[in-house]
């Protein structure tokens, strides 16, 4: 009875000696079992699940997440290849051309392509002066590769990676390799930050991502060689991905059930704003170094604002650090003006939520140790890989639609806003599973239609491509929230890190599709979208459900534990004639 009184005094300041002893035993058992899965959700709701405290966390995270699309899609501009032809200035210096105009110099030095422009990678072995008077074809004349570098058209870009290190002709593929190298870094960074933030906490790993991401990105602009740039670009991707991995989970873990959808969609709007803003930054800043600096500067503000970011109380409780969790819950209560709620609870009461199982160190292996977790990891991993391959396959292709690259980037970013607003409505109306499967299906159909539209009908191709991008973004936005609700607290960051790892694997492959598969790239993107739609139907619905806290919650063994306690109570009631708890 003393134990019962102690517990009740911790949780509720009432006189426990007025409570029937049998009732107390039964209530305490049920509370001790159910609290592990329900108490934190109830507490957050009592503290105002989307008050000023939660809004502060969301607003701070938006600053860092704004920079992510700028970095993820930065290669669209810094790795662009401007028009170019062989440098013939050395011939001019030798006085070979005499008083010829620039156009005549190009005519006698460089063969023309089918569209009438100078060839990009070849020049005549000797000047062909007869071409000035004879307009016969120059295709059969002897040519050699460019001997003295290239001249670039600076009307669109002042400087890019291609102009910096002559990544053209035989080295042209290195421009797309930059994108792949960055996403390889993002892929491994996702796994690293997912595991580390589950072990050391959300807040410290967020700071590591801010500072290291900013440091490596700014260091890359001082690269003296392409190899040096590629290495630094890898580490930029590795470190900067922690921002989205950590902030998404931190936001979800601090809000109540009713507002998880709002927080997820609002957070993803930062991506839409960043993606749209990138086109404006790139249009105004034509030098790749200064453009890189411009999209990185917001991380400096994020680092300052980090001091106001709280640690996840849910994670602290799951790891047995109840005093620290109580500290942040107090701050939440004060900012949300709910001091009376937290005053009724003592820190020791929070330890009821943290079981011995939850205090152990979890790893990625725990994602596959049990059958339902193993199935969940397989399904979500497949969807993340497919949706990333499709989304980045579309996003990294901003040419060939009749618009210039700045306009295409702007439209691709702008379509995300209505797309995510529709997702916000659909998540509540039809649930997560149907929204994800439907968005993937519609994206696949859009890609399929574009396969059969002739390239000269650029208006139709552009409209369908933009719609496909909208559906792809809807699918990506949904799966991020969906996955964070499916994985238990003790493995949520590991699960998100694992999923992000596979999504970045898809992003690594997306830039290479055109290089290796050519016209079949659209068919591949269509196929992965349809596969993801089918797989999404196999996941359980999470709308209006509490977040799972432990692996037992996912496996269903926690329900069995509650049933066993109820059965035990019934047996005790029959043998001891305990009074009914309604009395």
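Just so you know, glycine gets a Cβ as well, placed from its N, Cα and C.
As annotated by TrEMBL, domain 'Major facilitator superfamily (MFS) profile' applies to 123-544. For the domain 'Major facilitator superfamily (MFS) profile' (123-544), the model gives a mean pLDDT of 86.
The transmembrane segment feature in TrEMBL is assigned to 177-195 (among others). Through the fold, the transmembrane segment (177-195) approaches residues 71-72, 75, 78-79, 161, 205, 208-209, 229-230, 233-242, 245-246, 363-364, 392, 396, 493-498, 500-501, 503-505, 507-509, 511-512 of its own chain, all at least 6 residues removed from its boundaries and within a Cβ separation under 8 Å.
Annotated transmembrane segment per TrEMBL: 207-228 (among others), in sequence order.
The transmembrane segment annotation in TrEMBL covers 234-255 (among others).
Taken from TrEMBL, the feature transmembrane segment covers 262-282 (among others).
The feature transmembrane segment is assigned by TrEMBL to 288-309 (among others).
As annotated by TrEMBL, transmembrane segment applies to 376-394 (among others).
The transmembrane segment annotation in TrEMBL covers 406-425 (among others). Sequence-distant neighbours of the transmembrane segment (406-425) (same chain, 6+ residues past either end, Cβ-Cβ under 8 Å): 69, 73, 76, 261-262, 265, 268-269, 271-280, 282-283, 394-395, 398-399, 435, 439, 462, 466-467, 469-471, 473-474, 477-478.
Look at TrEMBL and you will find 459-483 (among others) tagged as transmembrane segment.
The feature transmembrane segment is assigned by TrEMBL to 519-539 (among others).
TrEMBL lists 558-583 with the feature region 'Disordered'.
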Whether the transmembrane segment (288-309) meets the transmembrane segment (519-539): three or more C-beta pairs under 8 angstroms: no
Beyond the flanks of the transmembrane segment (519-539) by at least 6 residues, Cβ under 8 Å: 376, 379-380, 382-383, 385-387, 389-390, 393-394, 432-433, 436-438, 440-441, 443-444, 447-448, 450-451, 472, 475, 479, 482, 486, 506, 513
The transmembrane segment (376-394) versus listed stretches 207-228, 262-282, 459-483: most Cβ pairs under 8 Å: 459-483
